[in-house]
Every structure is written in structure tokens, then in C-alpha cells.
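Chemist: Structure in C-alpha cells, see below.
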Amino acid sequence: MSGDEPAATRRHSVAADAEVITDPKARAEAEARNGLRQFDLGLRIVEDALAKRAFRLRSSLILSLHREALTGISPLAGNWRPAGVGIEGSRHQPVGAHLVPELIEELCDYVNDNWEAKTALHLAAYIMWRLNWIHPFSDGNGRTSRILSYVVLCIRIGYVLPGSKTIPDQIVDNRKPYFDALEAADDAWKTGIIDLNRMEKLLESLLAVQLTDILDQAAGTHHLEP
Ligand SMILES: Nc1ncnc2c1ncn2[C@@H]1O[C@H](COP(=O)(O)OP(=O)(O)OP(=O)(O)O)[C@@H](O)[C@H]1O
């Protein structure tokens, strides 16, 4: 657009900035509130897919889960990152931003194409690793990977899983085994191999704790250490 053009013949976009909370206390409250909202959206997605007896993973669903977690906190809520990103304390360097949309499509294809052939734990482990590996967002990658992995696990098993110690909550309470499983899958991928053994084992043990929690509540005992 030329600056000397008369106003009457000018037509250019006037974008609004996304409003974000800057006060640290209000921001922490928004993060907690958004976490609950993101989990609720995840459950609605599971219930909807189970009712329809059909599910296809799409990039729009991943963006919706991210939007729910970051609304009011980041101007990029519900959007792929526009630039490079690093992960503090990790050896993994995520790909350039220009590759994100294509890699997300590949992730969705992998899940959809292997829906019957692979186990629920494999698909959940794949998402947990691959979405973190792509690191498609400027922030909120861990939160979105964990809920999406859990959503796909529930849909592929065919249940809204019971238990209050959910897999995502257990990971947040004890992150080291999760970080180690991500690093192990990253290392395997450097040689072109998808090896999710460690992540699958981790998710299996966390699923056992989640389900056993129901038994513990009923019996008033403690069957498994978290
Ligand atoms: N080696 C690794 N490879 C891939 N992803 C990793 C690795 N180590 C950590 N991560 C992921 O990166 C996340 C941090 O990225 P980001 O800050 O965008 O996520 P977040 O959702 O904001 O954080 P949080 O998980 O604390 O809620 C970690 O939570 C983890 O999920």
C-alpha cells in the first residue's frame, strides 16, 4: 500500500491485537482455569467421537486444544508458532517454523492410517512424543501434547477413562520419567527409527495407577505406588 493514496480509495486490513493478561497473579489464575477448560474440551471430544463411532485426527482439533490452554495468556493461542523455538534444559532443537504445518499433517496421517493396526498405547505414545518433537507452538506444547495423547488413548480404547489421577496430571506431578521418555524417542529418531518403547511403558504404568485409583477408593486400600 502506498502512503500517499487518498483515504477514500484505501482498503487495507486493520488487525486487532489479541488481549493478554499481564498481571502475574491473574495470569496464574487464568492458566489454572484454562487447564480445566482444556481438559473439559478434551472430554467433550472423546464423548463426541464415541457417540459418533468415528474419529479422524485433524490439525484444527490440535489448534482448538491449544487455544483453550492459552486463551488470554498468549496472543498466539490457537496458532502455530511463527518462528523458531528452543526447549530449556533439553538437547532437542525443534524444526523451523515453516515445517510445522506439513509435519502436523504427517502426524495426523500416522494416527489415522494406523488407527486399527496400532495399539491405543502406541498411538498415545506417538502423539506424546511427536507433537513435543515438532513443538508446533511458541508456548503450551507440553500441555497440548499431554491432553491430545490422552484424548486419543480414550477414544481408541473406547471409554472416557475413570480415575481422578489422570495420566496428564500424574506426568505434571512427576516430570522426570516423562522427560527421559521424550529424550529416548528423540535419540532413536536421530537414526530414523520410531522407538516409543519407553514412552509406551511409562503411559502403561500411569494408566495402571489411574485405574487402580478407582479400586483404592472403593476398597479404602492402596494397591499401587504412583
Ligand atoms: N527432549 C524433549 N523433546 C521433546 N519435547 C520435550 C523434551 N523435553 C521437554 N519437552 C517438552 O517441552 C515442554 C515445554 O514446552 P512448553 O513450555 O511449550 O510447554 P508448556 O505446555 O507451556 O509447559 P508445561 O509442560 O510446563 O505446561 C515440556 O513440558 C515437554 O512436554
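Cβ coordinates are placed from backbone N, Cα and C, and glycine is handled just like the others.
Not my notes, these are from TrEMBL:
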- His135: active site (ACT_SITE)
- Asp139, Gly140, Asn141, Gly142, Arg143, Thr144, Ser145, Arg146: ATP binding site (BINDING)
- 57-208: domain 'Fido' (DOMAIN)
Chemist: Provide the number of Cβ atoms within 10 Å of the Cβ of Thr144 (ATP binding site), excluding the reference atom itself.
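Modeler: Other Cβ atoms within 10 Å of Thr144 (ATP binding site): 25.
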Chemist: These are the recorded positions: His135, Arg143, Arg146. Which one scores highest on other Cβ atoms within 10 Å?
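Modeler: Within the set of recorded positions, the most crowded position is Arg146.
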Chemist: Quick check: in three-state DSSP terms, what is Gly140 (ATP binding site)?
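Modeler: Reduced to three states, the DSSP call for Gly140 (ATP binding site) is coil.
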Chemist: Given the binding-site residues Asn141, Ser145, which one has the fewest other C-beta atoms within 10 angstroms of its C-beta?
Modeler: Asn141
Chemist: If the criterion is a C-beta within less than 6 angstroms of any ligand 1 atom, which of the binding-site residues Gly140, Asn141, Gly142, Arg146 pass it? List them in sequence order.
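Modeler: Close enough to ligand 1 are Gly140, Asn141, Gly142.
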Chemist: Spatially, and counting Cα to Cα, which of the binding-site residues is closest to His135 (active site)? Options: Asn141, Gly142, Thr144, Ser145, Arg146.
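Modeler: Nearest in space to His135 (active site), counting only the binding-site residues, is Asn141.
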Chemist: Since the record lists Asp139, Gly140, Gly142 as binding-site residues, which of them has the fewest other Cβ atoms within 10 Å of its Cβ?
Modeler: Asp139
Chemist: When you average the Cβ positions of Asp139, Gly140, Asn141, Gly142, Arg143, Thr144, Ser145, Arg146 for the ATP site, which other residues in that chain have a Cβ within 8 Å of that mean position?
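Modeler: Along the chain, the qualifying residues are His66, Ala69, Leu131, Asn132, Phe137, Ile147.
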